[in-house]
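For reference, TrEMBL has these:
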- B:7-28: transmembrane segment (TRANSMEM)
- B:40-59: transmembrane segment (TRANSMEM)
- B:80-102: transmembrane segment (TRANSMEM)
- B:108-133: transmembrane segment (TRANSMEM)
- B:145-166: transmembrane segment (TRANSMEM)
- B:186-203: transmembrane segment (TRANSMEM)
- B:215-238: transmembrane segment (TRANSMEM)
- B:270-292: transmembrane segment (TRANSMEM)
- B:304-320: transmembrane segment (TRANSMEM)
- B:326-355: transmembrane segment (TRANSMEM)
Amino acid sequence: MRGVVLVLLVSCALLGGCWDRTEVNDLAIITAAAVDKAGKDEIDLSIQVFIPKEVGGGGLGVPTGSSTRELTTVLSGKGINIADAMSKVQAKLSRKVFWGHCKIYLFGEEIAREGIADHIDFLVRHPEPRNRAYLYISKGKAVETLGIESVLERSTAEALREYASLHIGMPVTLIDFRNMLKSEAQAVAIPYIQEGNKLKDKEQIQKNTPLLGTAIFKKDKLAGVLTSKATRGLLWLRNEITRASISVDLPEGQGLVSVVPIRATTKLIPRIANGKWSILVKIDTEGDIVENATKLNMMEPSSIALVQKSVNDEIKSRIRLALFHLQKEFDADAGNFAAAFHRKYPQEWEQAKPMWDALYPQIDVNIQVQAAVRRPGLISRPAGSTDEHGKAEK
Amino acid sequence: MLETGKISALQMGMIIYPVLVSTAMLGGPNVMAQAARNDLWLTPFWSSLIGFLSVFIAIQLHKRFPGMTIIEQGKAIAGTVPSAIMGLLYLLVLLQVSGVIVREYADFIAIFLKETPLSVISSALIVVCAFAVKGGVEVLGRTAQVFFPMFIVPLLLMIGLVFPALDPGNLFPVLDRGLLPSIKGAITPLGWYSEVFLISYLLPVLANRPQGTKAAVWTVAGAMITMTIVNLVTLFLMGDALPNILFPIMDTARYVSIADFFENMESAVMAIWVIGAFIKVSMFYYATVLGTAQCLNLTCYQPLIWPIGFLIVLFSFWGIPSFAELGAITLIAIPAILAWSFCFWPGCLLLYAIVRGKRSKAKEVPSG
């Protein structure tokens, strides 16, 4: 019995976790971090810190939670790398910084051109930052994005995180970045967002979309930016398309039809024949019609066939656009053709690997799209058509 | 007879399984991927061969000398003086290996509990293990049985949760550089699998001895299957980045994110690792204590528990200044020691016993 009591007493002393005890109110919770180039060999690290405040504690007439009070604040520090800059930022804070809730990492365009792998190293080596945090490249200075207020969300960090989970652009997490950088292609794609001071006031937010396209990296250095339209092509290539509406202008000037793909799969089939490297991009997709501004009745198989053909061409042209930039301009294999070749032709790949940069722009790409329009939506004829009424009813 | 408890063959399997797997739960896929790259799924198969060999040796020795552990068998085969020297060397190996395991455990925990001194982390584990060892083999068997589901379920759960993110394409090209890389990758895991020889300490206390062989073989097979699955999952998730990631399983757990709030599963991996390390260290600890007692012809082993526990903590510091050093030791030196002491040396003893036709004189040592 005495032994049991002794054990219990000793455990009481130990279970407090004396050394690594951390209280929430000793932590400064980072919600987003931005890294910019400050000067020669210096970076500027800015963190958005959550300001804890009483929630719903206004019972005694104390005005809490008023809309003017900010929820986050931004602190910056200069240093030779993230760890160094972090210690400068820490000196400005009364609480210990905590990375565990940081879900957004922003990098300025300038630093991206010089390479970000060294800075990413801190984030993947340190045990606190999360693997699933999203990366963004910002036009101009990344820190400006941290300062802006979000209309719907608590902070820009939260807004960008929700944005990534909508899959409009190409969400890239820390772990994705790490894996892409280590992959055979050594090309990385990260979403590219509008610079912060263009999204400051309400009017600007209403006018501008935050997402501008995709930043393409060769190794860890920014090579160029794909437009939103070309980004779609890249998403098709990478088999990552989840939400997209494809509007096609039907031939013979009949008007626009929009199709939303429900399912889409992309296969890359590499081929080496007579020393010539080519790749077949095979896409299977099916979707529904969501808008029909033509005079066609979408219950007629012939008009569906027409739409399907146009959709095929549209997808092809998007991919061609993305490939044009990737192959001819940036020479960055963001579609990861390298892995496809490595998997199918390991021997040839081993030989070609050192000159992949020279080879990649020369690869012939054939695109085969099999689009199927399954359902016309809730109505058959276009809602507004009156003149062709009789004809359509036949 | 020093040990009076009895365990079932199933309990033996449940003790040995974490012994084999728990180290692999930490850095296994990383270690194997360094040489084998995308062929690491085949690596556990190669290394498990030594596990089956060790089981065979342990069973054959036990058939010739029933009711004896390897230390007693050594005495019976080689005579008093040589066996005493060999026995002491053997115990030194056990101490060293236990020390390294404790250090691995402590270093992993210390990544998260930065402020806590390493000695506190390792001593805390040793204190708990000491209680288990004090309770004897029955307590060891039962704790293993209780903890077994806690070891397996979080692992399966985690694999299920990352399942949608897996890309089987990372497997290709299959064996593009031949079989050699996958065999090279098997060098370090050889050591882990040869640890199955610790059944030598458990076979004498089995309540149902005929089941022992089956349980041991299934344990090795189970460990092989587990490692193969874990290797595949981490490869599918990380691809070419795998050789650079020190704790792939924890990384996998950190990847889990369901509905934006079910995240940070690394604590589950910590739980797996703590439980695994507890069983593993307890088993090595028990083997060291029992072996020492048998080597010195003591009548009971309990007084040795605390001194040897203290020694294990010391061994976890001696000669290991950093995690990098620890990694280097566990890559080649420790597997070599393990393979020597758990496979080669017992194998030599067995051969010698066969050549000299040595068998236990008594038909069966009544144990219990």
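Along the chain as shown, the residues are counted starting at 1.
Cβ atoms are placed via backbone N, Cα and C, with glycine included.
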Problem set entry | Criterion met for the transmembrane segment (B:108-133) and the transmembrane segment (B:304-320) (at least three Cβ pairs under 8 Å) | yes
Exercise. For the transmembrane segment (B:80-102) and the transmembrane segment (B:326-355), does the number of C-beta pairs under 8 Å, pairs 6 or more apart in sequence, reach 3 or more?
Worked result: yes
For this session: Name the range, of those listed as B:145-166, B:186-203, B:270-292, that has the largest tally of Cβ pairs under 8 Å with the transmembrane segment (B:7-28).
Result: B:270-292
Exercise. Can you name the far-off residues of the same chain, 6+ from the ends of the transmembrane segment (B:270-292), with a Cβ under 8 Å from a Cβ of it?
Worked result: 2-3, 15-16, 18-19, 21-23, 25-26, 69-71, 87, 90-91, 94-95, 97-98, 101-102, 104-105, 108-109, 112, 125-126, 128-130, 132-133, 137, 140, 143-144, 147, 150-151, 154-155, 198, 201, 249-250, 298, 301, 304-305, 308-309, 312
For this session: Report, as numbers and ranges, which residues of the same chain sit near the transmembrane segment (B:326-355): CB under 8 Å and 6 or more residues beyond its ends.
Result: 23, 27, 31, 50, 53-54, 57-58, 60-61, 64-65, 70, 73-74, 77-78, 86, 90, 93-94, 96-97, 100, 103-104, 107, 187-192, 194-198, 200, 319-320
